[in-house]
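Working notes, beginning with the structure itself.
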Amino acid sequence: MDCYRTSLSSSWIYPTVILCLFGFFSMMRPSEPFLIPYLSGPDKNLTSAEITNEIFPVWTYSYLVLLLPVFVLTDYVRYKPVIILQGISFIITWLLLLFGQGVKTMQVVEFFYGMVTAAEVAYYAYIYSVVSPEHYQRVSGYCRSVTLAAYTAGSVLAQLLVSLANMSYFYLNVISLASVSVAFLFSLFLPMPKKSMFFHAKPSREIKKSSSVNPVLEETHEGEAPGCEEQKPTSEILSTSGKLNKGQLNSLKPSNVTVDVFVQWFQDLKECYSSKRLFYWSLWWAFATAGFNQVLNYVQILWDYKAPSQDSSIYNGAVEAIATFGGAVAAFAVGYVKVNWDLLGELALVVFSVVNAGSLFLMHYTANIWACYAGYLIFKSSYMLLITIAVFQIAVNLNVERYALVFGINTFIALVIQTIMTVIVVDQRGLNLPVSIQFLVYGSYFAVIAGIFLMRSMYITYSTKSQKDVQSPAPSENPDVSHPEEESNIIMSTKL
């Protein structure tokens with residue numbers, strides 16, 4: 001029996017199933033679409049101003065403060081302890097949400113929820129430490145799909161219970177507490193990884209290429225962004241550099257290894273962001289994600305402002321379910337659309353940023369709750385479609401380690417931007433704007449993003465046309481020779 005359990009645990013199926021079960025129950029939270037009616041209702045008796053200006057900003061600030069330390073800690077302790085910590089934070093969040101009272105307690109709730117969101121990196125990174133590379137794509141798809149399915153199922157369940165069974169919002173939170181508690185139990189059964197991406201990367205793998213050749217200096221393959229060639233994790237580089245063997249690596253002090261890892265991170269990020277293509281897609285990712293998170297934080301308050309939950313039937317659960325499902329379908333469809341994203345990608349950023357701005361303006365100006373719901377559906381679906389394209393454009397030429405770094409830094413920059421918006425627009429120490437005016441600001445924000453990338457798209461189109469005119473009289477030129485004027489146009493040469 002022990003042999004069977006050991007062989008099962010060592011395969012990729014067992015950790016994938018356990019992780020997916022954790023992901024499902026941690027995201028199956030039917031109380032989520034009805035959080036604002038619960039907080040402003042008789043259970044908590046909080047005002048809209050208290051929720052908007054005093055409670056919700058705490059999540060943004062705590063997420064920003066915790067993200068980078070948790071990102072480093074996740075790799076250092078090899079993922080599982082941070083996943084368990086996330087499960088504990090989930091339970092504390094919902095216990096306080098159920099039985100706590102007052103603004104201060106709800107601010108503590110937001111702090112622990114910031115811990116939950118900061119620890120999400122462990123859920124997505126864990127699988128790369130226990131699954132062989134040939135299963136990465138499949139398993140990553142499972143993990144992401146199950147969270148979308150769980151969120152959709154939770155939203156549908158919530159709407160059915162509220163509309164048909166007239167269930168109290170309090171009991172929706174009881175169901176959420178039970179669900180996240182089950183997720184915590186599943187986290188205890190995850191196998192402990194023997195390696196991680198950076199601090200505990202295995203140094204004993206065979207190196208196919210000669211260690212005397214620096215991969216950064218090798219000729220870039222056609223279609224790869226300069227400086228973003230696939231590179232080995234730090235500890236593997238140390239062990240294969242000809243200066244340190246495995247025994248010497250093990251004898252290094254942990255502080256030295258930590259410094260080496262941070263130095264390698266800095267070098268990797270510097271090389272990756274030197275690619276203009278990756279830089280501009282990352283720029284859109286950071287700015288758009290900041291705006292998207294801000295809208296998600298406060299959209300329920302806007303709905304409650306347009307149609308108060310005490311006076312009318314609300315359909316937040318149905319809207320969230322449709323929006324999530326529609327976004328997932330749009331993101332899935334991207335893989336089957338034959339488009340040269342290198343040529344039209346930034347134009348797509350312009351078009352959909354305009355769509356996002358228009359949907360937010362609609363949500364601000366309309367007095368009809370159904371039009372407000374429709375604007376949100378359009379906004380969320382278009383963002384999920386574009387973020388899928390952006391992730392692919394960024395990750396296509398990066399290995400897992402470099403993608404994790406770029407993802408972490410992009411998320412951190414998005415949080416910095418979101419924090420600045422929160423301080424200026426939302427916080428009581430800033431402008432303290434009412435929620436309806438906030439959405440006018442967010443719509444203007446996406447309009448500015450569209451304007452920036454419109455100018456960038458026009459510049460690329462003009463540069464490409466000029467370059468073709470220059471190259472056409474000289475067809476005998478060596479196509480492998482890089483021209484100085486092509487540097488700003490490097491995205492045109494990428495193969496998908």
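Here the Cβ of each residue, glycine as well, is placed from N, Cα and C on the backbone.
Annotated topological domain 'Cytoplasmic' per Swiss-Prot: 1-7 (among others), in sequence order. Model confidence over the topological domain 'Cytoplasmic' (1-7) is summarised by a mean pLDDT of 49.
Taken from Swiss-Prot, the feature transmembrane segment applies to 8-28 (among others).
Sequence annotations record features per position, and here Swiss-Prot assigns topological domain 'Extracellular' to 29-53 (among others).
Marked as N-linked glycosylation site by Swiss-Prot: Asn45 (among others). Cβ neighbour count for Asn45 (N-linked glycosylation site): 11 (other Cβ atoms within 10 Å of its Cβ, all protein chains included).
Within the chain carrying the transmembrane segment (54-74), a Cβ under 8 angstroms from the stretch's Cβ atoms is held by residues 39, 46, 82, 103, 106-107, 109-111, 113-115, 117-119, 121-122, 125, 293, 297-298, 408, 411-412, 415-416, 418-419, 422-423, 426-428, all 6 or more beyond its ends. Marked as transmembrane segment by Swiss-Prot: 54-74 (among others).
The topological domain 'Cytoplasmic' feature in Swiss-Prot is assigned to 75-81 (among others). Residue counts for the topological domain 'Cytoplasmic' (75-81) under DSSP, split into helix (H, G, I), strand (E, B) and coil, are 4 helix, 0 strand, 3 coil.
Here Swiss-Prot flags 82-102 (among others) as transmembrane segment, drawing on sequence analysis.
Swiss-Prot lists Gln86 (among others) with the feature site 'Essential for pyridoxine transport'. Proximity of Gln86 (site 'Essential for pyridoxine transport') to non-local residues of its own chain (separation of 6 or more, Cβ distance below 8 Å) is seen for Ser26, Met115, Val116, Ala119, Glu120, Ala122, Tyr123, Ser187, given in sequence order.
Taken from Swiss-Prot, the feature site 'Essential for pyridoxine transport' covers Gly87 (among others). Its own atom aside, the Cβ of Gly87 (site 'Essential for pyridoxine transport') has 24 Cβ atoms within 10 angstroms in the protein chains shown. The secondary structure of Gly87 (site 'Essential for pyridoxine transport'), as reduced to three states from DSSP, is helical.
For Ile91 (among others), the entry in Swiss-Prot reads site 'Essential for pyridoxine transport'.
The Cβ of Thr93 (site 'Essential for pyridoxine transport') lies under 8 Å from the Cβ of Val109, Phe112, Tyr113, Val116, Val180, each on the same chain and at least six residues away in sequence. Sequence annotations record features per position, and here Swiss-Prot assigns site 'Essential for pyridoxine transport' to Thr93 (among others).
Residues or ranges marked as site 'Essential for pyridoxine transport' by Swiss-Prot: Trp94 (among others). There are 24 other Cβ atoms within 10 Å of the Cβ belonging to Trp94 (site 'Essential for pyridoxine transport').
Here the topological domain 'Extracellular' (103-110) is broken down by DSSP into helix, strand and coil counts: 8 helix, 0 strand, 0 coil. What Swiss-Prot records for 103-110 (among others) is topological domain 'Extracellular'.
If you look up Swiss-Prot, you'll see 111-131 (among others) marked as transmembrane segment. Long-range contacts of the transmembrane segment (111-131) within the same chain: residues 12, 15-16, 19, 22-23, 26, 58-63, 65-67, 70-71, 74-75, 78-80, 82-83, 85-86, 89-90, 92-93, 96, 139-140, 143-144, 190-191, 193-197, 400, 404, 408, each at least 6 residues beyond the stretch ends and with a Cβ under 8 Å from a Cβ of the stretch.
The topological domain 'Cytoplasmic' annotation in Swiss-Prot covers 132-144 (among others) and is backed by sequence analysis.
What Swiss-Prot records for 145-165 (among others) is transmembrane segment, and it gives sequence analysis as the kind of evidence.
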Note to self: Using a threshold of three or more Cβ pairs below 8 Å, and leaving out pairs closer than 6 in sequence, do the transmembrane segment (283-303) and the transmembrane segment (435-455) count as in contact?
What the structure shows: yes
Check: Which entry in the list of recorded positions, Asn166, Ser168, Asn173, has its Cβ near the fewest other Cβ atoms, using 10 Å as the limit?
Finding: Asn166
Margin query: Contact between the transmembrane segment (170-190) and the transmembrane segment (82-102) is defined here as three or more C-beta pairs under 8 Å separated by at least 6 residues; is that satisfied?
Written below: yes
Margin query: Please report the Cα separation of Gly87 (site 'Essential for pyridoxine transport') and Asn166 (N-linked glycosylation site) in Å, rounded to an integer.
Written below: 29
Next item on the list: Go through the chain and flag residues at least 6 beyond the ends of the topological domain 'Extracellular' (29-53) whose CB is under 8 A from any CB in it; none is fine as an answer.
Entry: 94, 97, 101, 103, 106, 151, 154-155, 157-159, 161-162, 168-170, 172-173, 175-176, 179-180, 298, 300-301, 303-305, 309-310, 314, 316-317, 319-320, 426-428, 432, 435
Next item on the list: Report the same-chain neighbours of Ile91 (site 'Essential for pyridoxine transport'): residues 6+ apart in sequence with Cβ closer than 8 Å to its Cβ, ordered by sequence.
Entry: Leu177, Val180, Ser181, Phe184
